[in-house]
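Annotation comment: TrEMBL describes D368 as active site, proton acceptor. According to TrEMBL, the active site, schiff-base intermediate with substrate annotation covers Y456. Per TrEMBL, the feature domain 'Copper amine oxidase N2-terminal' maps to 74-156. If you look up TrEMBL, you'll see 165-263 marked as domain 'Copper amine oxidase N3-terminal'. Per TrEMBL, domain 'Copper amine oxidase catalytic' is recorded for 289-705. The 2',4',5'-topaquinone feature in TrEMBL is assigned to Y456.
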Amino acid sequence: MKTPPLLRLTFILFLIILLLTCSWYSLNLPVFSDPPKSTSWLCNSKSRVCAHLGSVLETGIHKPRDHMEDVPHHPLDPLTMQEIYKVRTILSTYPPLLPSFPAIHSLSLEEPHKDLVLKWKEGDPLPPRKALVIALLNGQSHVLSVDLDSGLVTSNEINHGSGYPMLTMNDISVAIQVALSHKELNKSTIKRGISLSDLTCITPSAGWFGPNEEGRRIIKVQCFSNQGTPNFYMRPLEGLTMTVDIDKKEVVKFTDTGGGIPVPKGTDTDYRFKAQKEPPKMKPINPISIEQPLGPSFTVEDGHIVKWANWEFHLKADQRAGIVISRAMVSDSETGVPRSVMYKGFSSELFVPYMDPDENWYFKSYMDAGEFGMGATALSLVPLNDCPRHSYYMDGIFVSWDGKPYVQPSIICVFERYAGDISWRHSEIPVNGFNIREARPKVSLVARMAASVGNYDYIFDWEFQTDGLIHVAVSLSGMLMVKGTPHQTADQIPNQEAASGPLISENLIGVVHDHFITFHLDMDIDDTNNTFVKVNLVKEETLPGQSPRKSYLKAKRNTAKTEDDARIKLKLYEPSEFHVINPSRRSRLGNPAGYKIVPGGNAASLLDHLDPPQLRSAFTNNQIWVTPYNRNEQWAGGLFTYQSKGDDTLAAWSKRNRAIENKDIVLWYTLGFHHIPCQEDFPVMPTVSSSFELKPVNFFESNPILKAAPMFEKDLPVCRPATSS
């Protein structure tokens with residue numbers, strides 16, 4: 001029987017389309033040269049058929065989209081490309097900024113007042129759309145409010161405090177070009193036997209260290225050799241630092257104290273897969289992935305509203321903060337009605353001070369969000385490696401220095417996680433007449449972003465669990481910032497105690513440093529009237545003859561009435577819980593609904609409080625702060641962080657000691673890492689993590705996941721290897 005011509009033609013067209021589609025996706029996959037040979041799989045689960053491991057659709061690879069067609073659907077949706085172009089047009093005709101167009105350092109949604117957002121319901125008209133613009137013109141920083149509906153600039157304030165806006169890519173490019181054209185740099189590189197063509201230069205921020213650096217925007221420039229390796233960070237030209245005036249485009253100071261310090265070799269510094277010539281000295285790990293025969297359980301509506309299990313929240317990318325979670329709500333376990341947990345959460349600032357007073361190192365005290373931007377430094381995530389199969393990818397729409405929008409693709413991913421953990425369980429020994437084996441798997445939802453701020457990669461995870469818990473983790477990877485040394489072994493160092501860090505490879509010292517990440521957590525437990533309560537565990541001693549026990553612990557509640565009451569330094573031997581409660585929302589037993597912040601592993605800054613970097617980063621003086629809600633107090637390091645003196649920070653605001661009881665309050669939490677480098681951190685660091693949790697306390701009437709169903713073998717695919725190539 002012959003196949004009808006139309007059917008044959010349809011089949012041929014289908015094959016062509018399939019081939020073109022697969023070819024397109026293959027061109028857009030991350031490149032790992034010489035990957036391991038793949039294995040095909042045959043899968044079945046009764047009436048279900050699993051897709052082949054190589055299936056493009058299963059990887060969740062982001063499909064490029066035309067963002068020019070985007071329209072906002074929610075009051076908190078970021079500005080669309082069309083809206084950004086409109087703002088640029090409005091600014092280009094605004095007289096105070098003429099005749100030249102200013103450098104745009106930030107252009108983002110000016111979020112509507114909180115009460116408008118809380119009143120808004122799906123289907124309602126959106127509140128007026130406005131843009132918040134930070135522009136630099138003739139050395140002055142302008143903060144402008146642009147009304148998109150009227151097409152007018154409604155506010156233009158000039159910053160008279162310390163600090164400058166976040167750096168643009170143009171600032172960094174200008175600084176590097178100025179440095180590379182400096183004659184002294186050429187002389188210094190020739191002395192080291194390095195060609196200018198083999199140089200890669202970076203721009204460490206200058207910090208603030210007194211009046212000599214005020215009144216002009218300056219930046220440091222340091223260089224490395226990229227000869228023979230992409231990992232130029234491991235080949236510093238030690239002792240060579242240029243201070244560049246960004247606006248005047250000139251080198252104002254040149255330092256080279258690196259005579260006698262060799263440029264470290266590039267041997268074994270290339271971390272790319274294709275550069276690994278020897279197989280790993282470990283047993284291979286077979287490919288692993290969670291299978292979802294019915295597809296993922298979450299949905300993303302209108303590009304930003306994430307719905308999963310009992311959770312709903314708004315998710316977006318921000319050029320400064322990176323990933324922003326807003327309007328997080330969890331369904332009541334009794335009624336199913338969504339209840340407010342958090343209005344807005346994001347990483348507000350990062351503080352990374354290095355511990356070396358050397359002339360070429362003392363200034364390295366980065367404030368990454370306010371100086372460079374966590375979203376601006378986030379690159380596309382790598383499918384199957386950064387994010388698992390079935391992930392949903394979200395782009396960032398950001399703005400360049402000339403006010404034009406650009407797309408930062410696939411910088412956020414959303415996925416379900418199952419790592420074999422247990423959500424709850426209990427078993428009974430049959431001796432009591434019960435033979436019970438009850439357990440539930442822990443499946444959670446993760447929103448992830450990774451920012452590559454120069455040498456370091458920061459991975460941010462917001463993980464939502466069905467029991468109402470939010471787990472927030474920050475993970476660190478990437479390259480160390482190393483210092484060149486003439487020594488090749490530790491015993492050659494005359495005074496190891498005086499070194500700024502241990503030797504991690506030949507001619508390389510890993511400088512000791514810290515990482516602090518401060519989170520802005522606008523908790524709205526059931527409403528905006530919240531209270532912060534510190535629950536102290538206090539040792540009580542028994543009275544003579546009262547009990548065979550001599551001591552026990554008792555929980556004592558202390559309500560914070562002002563900001564001073566809520567400043568917390570974590571202490572291992574003074575244990576406490578830290579609750580945000582709604583005094584007006586009571587359970588059937590009379591307990592106020594609340595959430596508690598549960599610290600994980602942490603570190604505190606040990607710098608002198610009068611040390612300039614610590615003055616600027618005084619928000620790390622405590623691990624917990626509580627402030628009354630103020631829409632102008634979102635950035636812990638101040639709106640203008642670059643070269644700031646620390647006069648507009650969380651620590652400065654909190655000095656007002658405002659009332660916070662039964663108010664709309666913001667919880668601030670700082671997690672930290674002390675990092676003493678070691679050889680295992682070379683040439684690229686294995687990931688290290690720290691975290692905290694937001695956990696319900698009397699928020700639900702009982703265990704909210706009691707009725708969650710267990711998993712059964714019959715619901716899962718059965719896979720076996722079919723062929724190998």
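Every residue, even glycine, has its Cβ placed from backbone N, Cα and C.
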Quick tally, other C-beta within 10 angstroms, D368, Y456; top of the active-site residues is D368
Can you grab the distance from D368 (active site, proton acceptor) over to Y456 (active site, schiff-base intermediate with substrate)? Cα atoms, rounded to a whole Å. 10
Secondary structure split (DSSP) over the domain 'Copper amine oxidase N2-terminal' (74-156) reads 21 helix, 28 strand, 34 coil
What are the helix, strand and coil residue counts for the domain 'Copper amine oxidase N3-terminal' (165-263) according to DSSP? 30 helix, 26 strand, 43 coil
